[in-house]
Each structure stands twice: as C-alpha cells, then as structure tokens.
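Structure record follows, encoded as structure tokens.
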Amino acid sequence: MPEIQLGAHTFRNQGVEIARFHMHDWLILFLLVVIDIVLNVIEPFHRFVGSDMMTDLRYPLKDNTIPFWAVPIIAIILPLLVILVFYFIRKDVYDVHQAILGLLYSVLITSVLTDAIKDAVGRPRPDFFWRCFPDGKGVFDTITSNVKCTGLKNVIKEGHKSFPSGHSSWSFAGLGFLAWYLSGKIKAFDQRGHVAKICLVFLPLLAAALVAVSRVDDYWHHWQDVFAGGLLGLTVASICYLQFFPPPYDIDGRMPHVHLQRLAEQRSGTQSTANNPGCLTIRQPEVDSVYAQPQHGIAVSGLGARETGPIFDDDVENGRWRH
C-alpha cells in the first residue's frame, strides 16, 4: 500500500492555496517596507545640544564592528536558513510559510517602530561632537548655546538617531523569533529537564546581545539605546511568534495555528462524511492524509483503524505511517 503522509504538506498541493489566503499579509509587509523607507528619508528631530552637554558626546568617531549591511543577514537570512532546514526535514509547507511570515513581520514591525522613535526623539549619539565639528572646533550660538554644526549634513542627520539602537532591535527581533521557533521545534519545555535544549535556544539571544554590546563599544549608542532596542525587538518577536504558533510548552507547540486548525477541520469533515456516506465534502488533496484524534483511542479512515496517542506524538510529528 502506498505511503500515507500525516502533516507532510508540499508546495505542490498546498503552497498556492496558502499564499493566496495570506495575500493581504504579504501586501501589508510591502507597506511596512515603504513606511520604513520614508522614515529613513525624513529629517529627525534636532534636539537641543548645548556646550555643557558635549562632555558625554565627545567619544571618538569609529567604524562599525558590525556594518549596517550585515544586520539583515544576522536578523533575517540566518533565521531563514534554520527555518528552511526544518522544512527540508519535515516537508511542512504550513510551518515554513508561517515561520517566514512571522519572521518578516517581527523584523519589519520592529524596524518601523525603531525608525519612528529615532526620528521623534532625535537623541544625539555618543560621538556627536565629531560629527558636528569634524575639525574639532566647537561653534555654539551665543544666546542659546545650542550647537551650530559645520559637518556634513548626512553625517549630522545620522548623529541624531541614537535612541533606540537599530542594530539591537533588528537583532533581537530576528534572532529572538528564531529562539522562540527553536524552542517549539526541539520541545525545549517538554518537562524532561534537558538543559542542552535550553542552551540551544539561548544561542540566538547571545548572538543578538553581542551585536547590541558592539554598538556601545563602537560609541554609536548609549547603553540605554541598546537596552531599549533589544527590549523592543524581543517584545515584537514574542508577539509575532505567538500570533502564528502556539507557546512552545503547548503539547502541539511544534505546529503553526493554521496547521492545527486545518487538521481539526479535516478531521471534522472526515467524521461528517462517515456519518453521511452519500455526501463527499473533502477535496482530493485532503484525502491523502490520515489524522489522529486528540485523545487516546482509535482513528478511523477508509484505510483501516489504528491506535493513536495525542495528535502530534513524535511518531506522527516525524511524518509518515505505513501499512
């Protein structure tokens, strides 16, 4: 008898349907990108910077330890690679689609919030003096004692974007989402006390923390900037993950919400068809899968009966039953 697949959805039979169902979500992502571009173009608020404030803003102007172009690689590409690894193992298109969508929402929502706050607050960076006065000669208004910058306009503009840290918020948004994703996939909270699983979950958070610390070491941010950025990114990552997936400690924590809903709908449809033999309500792609009852008992299909445990026991989770 041919192999019966449980939960192993492929792009061939489910991908187009899922993409169409979430079309509005992808359009909103595009809108977030446009908003973020606009926020980076507009001029930030130029906060008052008096001569007596320059003591804390005279740190050396240094290059970035982690350049701007590396941040999307750390926050998006790295988590995306891990998500794809799990897809190639489990072949679940629901999971890979929801994980990618959640990751992008986490990073883009964080980016929009970060840049909006940067523009509104206009806090000067620790190296603001050298951005404002590259020749080292401070010029201040004789009445207000506010700075009269002589540096390059774009350098000064960037100098007013200290709070919160974009490197920190992006890193914690992407790698924080990855930490949530890993904790669900490896069942980190299965109450078996495997500390190695927790260590694996904390690895992305450690990487994000090191990115944040580098911003203070480079004198591009005050410590409050990186703390606020990290907290913002991790909060958004948590909300976005829980929007698409159950909590990792849930018995079905490996599966996205949409997958669980689809299983419940198809199981209900299978039972309805069994009670009404003359009525066929399940489409052909759905007939190819056999779904277990959520309680211990007997799962019945047209191919026979078998004992089952919880709907996502390890043997079911790993994908394939054979007759």
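In case you wondered, yes, glycine gets a Cβ from its N, Cα and C as well.
Note that the structure is a prediction, hence the values are computed from the model and not measured.
Remote same-chain partners of the transmembrane segment (26-46), defined as residues 6 or more beyond its termini with a Cβ less than 8 Å from a stretch Cβ, comprise 19, 101, 104-105, 108-109, 111-112, 115-116, 118-122, 157, 160-161. Here TrEMBL flags 26-46 (among others) as transmembrane segment.
The transmembrane segment annotation in TrEMBL covers 66-87 (among others). Long-range contacts of the transmembrane segment (66-87) within the same chain: residues 93, 95-96, 99-100, 103-104, 107, 166-167, 170-171, 173-175, 177-178, 181-182, 185, 204, 207, 211, 214, each at least 6 residues beyond the stretch ends and with a Cβ under 8 Å from a Cβ of the stretch.
The transmembrane segment annotation in TrEMBL covers 99-117 (among others). Only residues 6 or more beyond the boundaries of the transmembrane segment (99-117), in the same chain, are considered here, and those with a CB under 8 A from a CB of the stretch are 22, 25-26, 29, 32-33, 35-36, 39-40, 75-76, 79-80, 83, 86, 163-166, 169-170, 172-174, 176-178, 181, 229, 232-233, 236-237, 240-241, 243-245, 256.
Residues or ranges marked as domain 'Phosphatidic acid phosphatase type 2/haloperoxidase' in TrEMBL: 101-241.
Long-range contacts of the transmembrane segment (167-183) within the same chain, counting only residues at least 6 positions beyond its ends with a Cβ under 8 Å from a Cβ of the stretch, are 66, 71-72, 74-76, 78-79, 82-83, 99, 102-103, 106-107, 109-111, 113-114, 189, 197, 200-205, 207-208, 211-212, 214-215, 221, 225-227, 229-234, 236-238, 240-242, 245, 248. Positions annotated as transmembrane segment by TrEMBL: 167-183 (among others).
The transmembrane segment annotation in TrEMBL covers 195-214 (among others). Only residues 6 or more beyond the boundaries of the transmembrane segment (195-214), in the same chain, are considered here, and those with a CB under 8 A from a CB of the stretch are 64-66, 71, 74, 79, 165, 167-168, 171-172, 174-176, 178-179, 182-183, 186-188, 226, 229-230, 233.
If you look up TrEMBL, you'll see 226-245 (among others) marked as transmembrane segment.
Residues 98-99, 101-103, 105-106, 109-110, 113-114, 163-174, 176-177, 179-181, 184, 208-209, 212-213, 215-216, 253, 255-258 of the same chain lie 6+ residues outside the transmembrane segment (226-245) yet bring a C-beta within less than 8 angstroms of a C-beta in it.
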